[in-house]
Amino acid sequence: MELPGSLCKKAKLGHGAQSWGMQRATNVTYQAHHVSRNKRGQVVGTRGGFRGCTVWLTGLSGAGKTTVSMALGEHLVCHGIPCYTLDGDNIRQGLNKNLGFSPEDREENVRRIAEVAKLFADAGLVCITSFISPYTQDRNNARQIHEGASLPFFEVFVDAPLHVCEQRDVKGLYKKARAGEIKGFTGIDSEYEKPEAPELVLKTDACDVNDCVQQVVELLQERDIVPVDASYEVKELYVPENKLHLAKTDAESLPALQINKVDMQWVQVLAEGWATPLGGFMREREYLQCLHFDCLLDGGVINLSVPIVLTATEEDKERLDGCTAFALIYEGRRVAILRNPEFFEHRKEERCARQWGTTCKSHPYIKMVMEQGDWLIGGDLQVLDRIYWNDGLDQYRLTPTELKQKFKDMNADAVFAFQLRNPVHNGHALLMQDTHRQLLERGYRRPVLLLHPLGGWTKDDDVPLMWRMKQHAAVLEEGILNPESTVVAIFPSPMMYAGPTGVQWHCRARMVAGANFYIVGRDPAGMPHPETGKDLYKPTHGAKVLTMAPGLITLEIVPFRVAAYNKRKKRMDYYDAEHHEDFEFISGTRMRRLAREGQKPPEGFMAPTAWAVLAEYYKALEKA
């Protein structure tokens with residue numbers, strides 16, 4: 001917000017045009033654009049359509065205008081809506097640096113801002129302005145400037161009582177005004193004229209910033225500026241409670257398809273909304289979009305890089321083709337209904353070549369694909385009950401909706417996610433600690449870490465989930481990561497080891513759960529080639545692909561340099577090629593060997609109690 005007072009206050013001269021000592025140009029002609037607004041709207045943003053308008057936030061200093069405007073801008077951009085925020089403090093450092101706070105200066109301040117906002121809106125952006133703009137006539141003039149250009153203008157009164165604004169008083173301006181050090185301070189000795197008929201009133205003393213943003217978004221949706229699907233909620237596929245009895249009765253009478261554990265894990269992924277906006281297993285159109293473009297394209301560009309499919313044998317197809325619905329059975333229990341099924345050919349070699357970049361049958365997930373049925377089945381999924389595995393870890397299996405609520409309860413203003421399938425060593429911790437530090441430096445006050453181990457199928461030589469969770473708990477107990485600002489939860493997806501293709505899936509799933517930032521390190525979702533032993537994917541490509549991937553617009557990728565053990569400093573550190581001799585790369589193979597043999601890793605590699613958990617697992621494995 002702009003400084004709302006001045007040590008030198010001029011007499012109010014009214015709201016007429018000011019000469020400002022400048023000669024008015026008369027030899028100018030308005031030049032019409034060759035590009036129409038509709039045509040411009042087709043290429044601005046990721047969703048198409050002209051959305052130009054101005055959202056004019058007005059209110060007292062400390063009411064929350066800047067906070068709401070910045071959060072609104074972030075929300076819109078994250079959902080593919082182009083926008084720009086004009087803030088009072090920022091404008092007064094450049095365009096309006098020659099203006100003070102007298103009534104006539106305020107009038108000119110608002111006029112210039114309105115003209116600039118009109119240009120942004122005409123360019124197809126949602127322009128958000130954050131200014132005290134205390135006078136009704138000045139705000140009305142701003143509206144007329146937009147209406148004269150046939151551009152929507154939404155006045156939003158950010159309403160907080162004066163005593164609340166004084167309590168907030170981050171800059172200490174109210175205190176100075178009360179002491180007489182600032183004259184003409186709005187709300188103290190200069191009048192603020194409340195809007196008489198704003199499009200929206202935000203009560204910031206009663207609503208948090210997310211609620212305020214949602215109210216503005218709903219206004220923009222009502223006025224057809226923002227499409228409704230631009231802010232879709234998590235799409236869960238559980239049958240509503242009031243329809244559950246009927247659905248279960250229906251499921252008992254339907255023909256059925258047996259599914260395995262990995263299928264069931266994908267059912268959970270879909271049911272909990274991780275693959276939003278999918279309404280079930282992919283139909284052929286969705287499958288082809290995913291396979292060829294790594295995205296869903298109907299309703300906007302939505303990143304979804306891995307096929308989420310259900311397979312069937314030739315016998316299953318002959319039995320079920322033509323049915324309008326059938327039940328899915330897992331371990332003797334009917335867990336879901338697939339309605340309006342669509343059968344299409346499972347071209348396994350083509351799928352593997354595109355998803356993994358190899359058809360090597362020794363790759364563990366490719367091996368599973370090659371052994372699956374020759375048909376894929378898409379359809380609308382209705383899951384009957386919440387899925388529990390009864391392994392002592394269900395309390396960590398938080399859905400995207402539950403995670404969002406958890407972050408809200410923690411008053412998080414930034415959520416950064418870290419996906420892992422291995423035990424946490426201090427190199428991982430370095431990435432997470434550094435991200436937390438960077439976010440604080442960028443002005444976030446309560447960044448929260450989502451430590452999100454993968455909980456679905458993994459290959460045989462990976463550490464089982466139960467032991468990984470014990471190890472993660474030890475890392476938190478030792479204070480390597482801050483338990484007060486960390487949420488540990490389990491991501492239910494199977495692990496596909498698909499490198500840059502797979503890491504896009506990992507990233508977008510955390511996006512659905514409310515993450516704003518995603519940490520990516522070396523060789524994410526990669527593995528050695530099962531036959532040559534060399535890296536199947538170039539270790540740097542995962543991070544590079546994420547920074548370019550379409551449809552990952554609601555979060556920011558945080559790529560990091562490689563972390564390795566610094567022998568001189570005796571701790572994990574970022575690798576420096578100029579001091580290569582100081583560094584040691586401790587591979588997973590070596591780590592497992594040390595643990596199996598009861599040896600300790602180098603000092604500073606991993607928290608001691610966390611290493612003890614790992615050693616205990618490998619000892620138990622030796623005895624098995």
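The backbone N, Cα and C atoms fix where each Cβ goes, and this holds for glycine too.
As annotated by Swiss-Prot, N-acetylmethionine applies to MET1.
The annotation region 'Adenylyl-sulfate kinase' is assigned in Swiss-Prot to 1-225.
Feature annotation from Swiss-Prot assigns N6-acetyllysine to LYS12.
If you look up Swiss-Prot, you'll see GLY62, ALA63, GLY64, LYS65, THR66, THR67, CYS207, CYS212 marked as ATP 1 binding site. Using a 10 Å Cβ-Cβ cutoff, THR66 (ATP 1 binding site) registers 22 neighbours.
In the three-state DSSP classification, ASP89 (adenosine 5'-phosphosulfate binding site) falls within a helix. Per Swiss-Prot, adenosine 5'-phosphosulfate binding site is recorded for ASP89, ASN90, ILE91, ARG92, PHE101, ARG106, GLU107, GLU108, ASN109, ILE132, SER133, LYS171, GLY184, PHE185.
Under the heading region 'Sulfate adenylyltransferase', Swiss-Prot lists 234-624, citing similarity to another entry as support.
Positions annotated as ATP 2 binding site by Swiss-Prot, on the basis of similarity to another entry: GLN419, LEU420, ARG421, ASN422, GLY521, ARG522, ASP523, PRO524, ALA525, ALA563. Sequence-distant neighbours of ARG421 (ATP 2 binding site) (same chain, 6+ residues apart, CB-CB distance under 8 A): PRO453, LEU454, THR458, ASP462, ARG468, MET495.
Comparing ALA63 (ATP 1 binding site) with SER133 (adenosine 5'-phosphosulfate binding site), their Cα atoms are 13 Å apart once rounded. The binding-site residues examined here are CYS207, CYS212; by Cβ neighbour count within 10 Å, the least packed of them is CYS207. Of all residue pairs in the ATP 2-binding list (GLN419, LEU420, ARG421, ASN422, GLY521, ARG522, ASP523, PRO524, ALA525, ALA563), the one with the greatest Cα separation is 17 Å apart.
Report note: the ATP 1 site is defined by GLY62, ALA63, GLY64, LYS65, THR66, THR67, CYS207, CYS212, and the residues of the same chain whose CB lies within 8 Å of the CB centroid of those residues, excluding them, are LEU57, GLY59, VAL68, VAL158, ALA160, LEU202, THR204, VAL209. Calculated from their C-alpha atoms, the gap between LYS65 (ATP 1 binding site) and ALA525 (ATP 2 binding site) amounts to 42 Å.
Of all the binding-site residues listed (ALA63, ILE91, ALA525), ILE91 has the fewest other CB atoms within 10 A of its CB. Per-residue pLDDT, averaged along the region 'Adenylyl-sulfate kinase' (1-225), amounts to 83 for this model.
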